[in-house]
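To start, the structure itself, in C-alpha cells.
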Amino acid sequence: MMNPPRPDEFKPPPECPVFEPSWEEFADPYAFINKIRPIAEKTGICKVRPPPGWQPPFACDVEKLHFVPRIQRLNELEAQTRVKLNFFDQIAKFWDLQGCTLKIPHVERKLLDLYKLNKLVAEEGGFDIVCQERRWTKIAVQMGFAPGKAIGSHLRTHYEKILYPYNLFQSGANLLVSSAAFVSGCFTVWFEARFMFICLVCYVSLMRENSCHLQSAACSAVVQVDLVVCLVCGSGGDEDRLLLCDGCDDSYHTFCLIPPLHDVPKGDWRCPKCLAQLCNKPHDAFGFEQAFRDYSLRAFGQMADAFKSDYFNMPVHMVPTELVEKEFWRLVGAIDEDVTVEYGADIASKEFGSGFPIPNRRFKVTPADEKYLKCGWNLNNLAMMNRSVLTHVTADICGMTLPWLYVGMCFSSFCWHIEDHWSYSINYLHWGEPKTWYGAPGFAAEQLEEVMKKLAPELFDSQPDLLHQLVTIMNPNTLMAHGVPIYRTNQCAGEFVVTFPRAYHSGFNQGFNFAEAVNFCTVDWMPLGRQCVDHYRSLNRYNVFSHDEMVCNMASKAESLDVVLASAVHKDMVLMIREEQELRDRVKKMVSAKYDNLQDDERQCVKCKTTCYLSALTCPCSPGVLVCLHHLDQLCACPIESYTLNFRHYIDDLFPMMHAAKERAQLYDDWAVRVTETLEAKLEKKRGLPVFRALLAESESKLFPENDLLRRLRLFTQDAEKCSTVAQQLLNGKRQTRYCCGSGKSRSQLTVEELRSFVRQLYNLSCSLPQAPQLKELLNRIEDFQQHSEKVLSDEVPSVAEIQGLLEVSFDFDMDLPELPRLRVRLEQARWLEAVQQESGQPKTLTLDSMRRLIDQGVGLGPHPSVEKAMARLQELLTVSEHWEDKAVSLLKARPPHSIETLSGAAEKASGIPAHLPNCLLLKDAMRKAREWLQEAEELQASGSVPMVDSLSDTVLRGQAIQVHLEPLDQLETLLSEVQDWKEEAASAFRHKDSSLSLLEILCPRCEVSSLGSPKRKAKKGKESPKNSKKKSLKPSDLGEVEKALTETNDSTSALATLEELRLREMEAFFNLRATNESKLLPTTDCMDLKVCVCQKPPMGAMLQCELCRDAFHRACLPDLTEKAQPWLCTRCRRSAKPPLAKIISLLASLERLRVRLPEGDALSYVLERTVDWQQRTQHVLCDVLKFEERAGTPPTLTRWAPGNTEAPNNTQELLVEGLLLQVSVPEVQSLYHVLLDQSLSLSSDTLTPQTEPTDCEQQFTSQENPLPSPLKGLCFVCAQVNWVQCDGSCNQWFHQACVGVTAETAEKEDYICVRCSLSSGHV
C-alpha cells in the first residue's frame, strides 16, 4: 500500500513539448527550431528527440579530461532556505558574542522555526502589538500547531527570551538621537548611541535611585581617569559584577545589560558597541567553492555512482527518477540536513575537446560517422552556421560560440538563470543518467524575478544581480503557487533540450552523466538582444560581446546578408543610430571629440559595465577610465568641458551602412509589405486565393528565406486551400475523408457549431472564398431545421409523421446535428406512446405480458414527461392488474373457499380494470359455474325427485371443482358418502372374501355365461361337430352396457324390465351351458380331447358335478369342500355369499331412506322381486308335485336317470336352476333340491333291478365310504366304469382304463387306438 503524499511533498510541474523530427526536418536545425518556436516558446524549454539511428560517436579525450568540480551544499542553493540559514547565523553570532550559546528550543517535540516565528511576529506588528492584542494563538496556528494547547504562551516565552533582544538590537538606529541627548550630561561623547538602546530602560530606573552616586561618579571620572566604572550606571561598585569587553575593554555591570546576565560569562564577551560593529559587517557574495581535488572522468564517475548507490541503498540504475526528484527538492528545503555534492560545470571544450567529433582533431572518425562532422546538430557547428547571428561576432566566446562541457552527479544542479544576452541555448546529453529540467517561458521572466525578490528580499538587497550568478534556486511548486508557469522534462541520453530567449531554466542531474551546451541566436532574437543590453545597463552587468559592434559588422557586409537578416539589421540600426545621435547631440557641444579604436575589454563603462563600442567619454584625470554617454555625470568631478568624446564611427558613416542593409532588404520588404497588406485586409478589400498563391510562388522563385512572415503566408494559404476544399465538399454533400465507425456514424461529419465556426473562419480569412455565401445559406437552412426540431421536441406528444419528416429532411445535411439523436429518441418515444395508446384502447387484448413488454420497451427510452406519465399510468395499471390477478388466484386457491358473496364483490371490482386478466376471468367463470351449480343442486334437492347416483356424483364432483364455498355441497357430499356406505354394506353382505366381482355384477343377471375352464376335447382334423360349427354366439353384452342402461332409465320400472330381459338371457345361456357340459360327459359324446375341472385335465378318480353348470371337477382339486345336504356349486357359479332375504329387505329400506337411485339399488330391488316371484312359483310346484319329507343330513348322491327315461320333471329342474341363480339364500332351493334328488334316486333304483348284480364301476362308485356328491354322468361302453380313456382313432369312443389295460400314465402321455379302429384300418 502506497503511503499518502506529505503536504510539502514535491509535485512535478507539467511536461514541456517533446518534438520528434523526421529526417527531412532534422536536416536543417534552424528551420526546425523556427518551425517549433511558436509552440515551444510558450513553455520556455522543449525537448527534441533525433530520428532513430542518429547516434554521433563520443569524441572527447577521456584520458586528457581533468577538471576541478564545484562544491554544492544543497540547502544553501534554495533562496528561502539560504535566507533562513543566514538568519540563524546572525542570531547565533549575536548570542555567541554576548557569551551565550544559542540553543533552539523544541515545541511539540520538534525544533522551533525561529525564522518563521520572527517573520510572523513582524508581520503582525511586532512583539508589543502581538502581546497587547493577544495574537500568540493565531501565530501558533499559522506555524502549524494545533489550537487549544496553550502553544501561544510557549512561543511568547521563546520569542521574548531569544528573538526580542535581537530585534531590539537590530532597531537600535532609531534611538540614536534621543539616547545621546538623554545621557550627554553624564557620559563622554565617544560613548556611541548604537549600544545605548540596550541599557536605556535600566538606566532610567537607576537614574532616579542613584542620582547622587552618578554625580560623584562623574566627578571621580574627571578626577581619577583610571577608575573602572560601568558605562551604563556610571558606578564602579559591585566590581565582581563588572564585565570587561574583550574587544574594546569597556566595562558594564551584568545587571545593567539587556537582557541582564545572571552570571559572568566564561568565554569572550563583547559589549554592545563591539557587537554592533561585528554584526553589521556586510556579507560576502554567495558563490560555489571549488573542490580541492582534480578529477578524471573515470574517478568522478566512480565517486558519483558510489554516492548515489549509498544514498538510496540500491543500484544506481534502479533508482526511479521520480524518487530522485522528490528527494532533491526535499533536501534543498531542509535546514537540518546538509548534503554536499560536486558538479563539473562550464568545462571549456576548446581545452579538452568536444563530445562531438571535430575535423582535424585527435579523435579519428570512421567513414560511417563522417556525416556528424558537418552535421548542423553538432554543437560545434550549430552556433556558427550561416543562419546564426553569432557568426558576426569576431571573438570566440567560450560557452556561447564554443560549447561548454558538464559532468554531473546525483543532485548536482544548475540554478535559475537565463542565457547571456537572452540568447537561445541547446544542450545535448551524450551519455549517462537523465538530467531533469525546469523552465519558464520568456514572457514570465519578470514575473519570476519579482516572485523571487518578494520571497527572498534579503538576498537581492545584497546582490541585485543574484539571478545572473547561477547560485540560487527556488522550488518550482513555490513559483507555480505565485502564478509563474513552470514546465519540466527529463532529458535522457541522446536527446536535445532547447531553451528560448529570456526563458529562465534550472535543473539537476539524476546521476553521473556527460552533457554539452552552446548558445546560438536567430534573426528573431535581434530585437531581444538590444533589449537585453539595456537591461544589463540597469543592472551594471558586463556584456559578453558588443551588440552594436555585431550589428555594424553585419551592416558592413549587407550585400551578402540574407534578406530577412538584412531587414532585421536595418531595423536594429535605425534604433541604434537614433539613440546614438541623440546622446551625441547632448554632449558634443560640451566636450571635444576624437576617433578611438579601443579593444572591447578596454572600453567598459565604469558605471554600468556596458561595452562602449560607438562612443565613450574620458577625462585626463583618470586615464583608462571611461563611461558611456548614458552616465555622463558618473565619470569624475572634473568639469564636463574637460571630457573627451571618443567614437569609432561618425554618424554620417553609419547611414550608408544602414541604407545598404535597407537596399538589400528592400526587395524582401516590398514583398513583405504586400504580404502584410494582403494578410491584414478587411471586408471588401480582401483578395482572392490566387493572390495568395502568387505571393507564395514569388517567395519561392526569389528564394526568400524561411521566416515568420513566409510561414504565416504559407499557413494562411494552406488554411484557405483546405477551407476551400472542405467548403466545396460540404456544398457537394459529400466528404472524401468519410469513414464509418461501428455505430454507423460518419466520424468526419461537422457539427453545427463547427460549421458555424467554419463559416466564421471563412469570413475571417484574409482571402475571399466564393463558397462562403453558399455555406452561409446552408447554415441558415440547418438553423431553421434546428428551430423546427426544437419546437417538435418541446411538444408534449409529437406526431410520428412530423418527426419522420424532419429526419428525412436531415438527410440533405451531411452534418453532425445534435437534434438527430434526440429526434430518433423522440421518434421511438412517439412510436411507443402510440403503441401504448393502441393497446390501452383495446382492454380485451391488453394482457399482463403486453403491459410488461411495453414497460420494458419504455425503460429503454430516453426520459421525457410524456413517456414518464405513460409509464406511470402503465405501471399503475400493471400493478393494479397484478394485484387483482394475485388476489384472484389467492381467492380461488383459498382453503376453505370463500363464499360466493365475497367472490362476487371481488369479481365486480376486478371487472372495472381495463385489461385482460385471466385469473379474474377465471374468478368470474367460477362465479358463473357456482350459480349454475347452485341452481342444479336446488333442482336435485327438490321434493319428490330421486336423483340417480351418477348425477349426484357428477354434481358433487363439479361442485368440488368450483373454488367457491357452496353450502348445498356439504349436504350432497354427505348424501353421496351415505350412498357409498350403503354400497359398501351391500357389497359386504353379498361378496365373498376374495371375490373380484362388483356389487352390480353380483346383483345383475349374468350378461354372458362363460365356458372357460370347462373340459376341452382334443382337437382332431375334420372332426368338429357340424352342430357346433354352425352354432352362433350370443350377442356380446358387458356390465358397462348394463350399468349404462340402468343409469339411462327414467324410473325403476324400466330398470326392472331391463333386468328381466337379462334374466331370460341368463336362463337360456345356463340351460345351453348345462346341456353342453352334460353332453360332453356322455359316452356318445364326439369329443377326443376332454379336459375338465379347474386344472383342465381329463376326468380321473373321484369327480364332482356342479348343480348349476353341470361341469365336472376332480375331488382332489376341491380342498375346501364341505359336506352338506345342499346343492353343490362350482366357484364360477357361486358368485356371492347369498345373504338372507331379510338382509336384502333391510338394505332396500336403507336405500329408500337415502332417496337416491343407483343401479345397484335397482338391481337389488329386482333381486328381491325375482326372489319373491321364484318363491311363489316354487312353493306352488312343491305343493303340487312333491310330498315334503324331512331328510336332514342325507348326503347328496349321484343324480342319474335311467337311459331312455324321459319322464323327469322339467319344471322342477328349471326352478332349481333359477333358484340356484338367485343371489339370495332361501330355504325353497334346498327343498327343491331334495325333491329332485329323491326323484333321481328312485329312477336309479328302478333301472337297476335287485336280481342284477352291479358292475364293477357301479360297485366302485357306490362302495365309496364317502360317496362324492353329483358323480359324473356317462358310462364306459365296456363296463360303465368312470376312469376312462378316449380312442385316438376314427371312432373317438371312451373306454375305462382298467377295461382296456391302459394305465393312467400311459393314457395321459400316449395315444390310444381301440381294437375296432385298429381292425378297420388294417393295423392288426
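Glycine residues also receive a Cβ, built from the backbone N, Cα and C atoms like all the rest.
Curation does not apply to TrEMBL; its annotations are automatic.
Outside the domain 'JmjN' (16-57) by six or more residues, the chain places 356-357, 363, 365-366, 369, 372, 375-378, 382, 385, 387-388, 424, 437, 439-442, 444, 485, 487-489, 491, 494-501, 503-505, 522, 524, 706-708, 711 with a CB less than 8 A from a CB of the stretch. Sequence annotations record features per position, and here TrEMBL assigns domain 'JmjN' to 16-57.
The annotation domain 'ARID' is assigned in TrEMBL to 81-171.
The domain 'PHD-type' annotation in TrEMBL covers 227-277 (among others).
Note on the domain 'JmjC' (371-537): its mean pLDDT in the predicted model is 87. Residues annotated as domain 'JmjC' in TrEMBL: 371-537.
The region 'Disordered' annotation in TrEMBL covers 1012-1040.
Residues or ranges marked as domain 'PHD-type' in TrEMBL: 1090-1136 (among others).
Marked as domain 'PHD-type' by TrEMBL: 1273-1320 (among others).
As a summary of secondary structure, the domain 'PHD-type' (1090-1136) carries 3 helix, 8 strand, 36 coil according to DSSP.
With helix defined as DSSP H, G or I and strand as E or B, the domain 'ARID' (81-171) counts 60 helix, 4 strand, 27 coil.
Mapped onto DSSP classes, the domain 'JmjN' (16-57) shows 16 helix, 6 strand, 20 coil.
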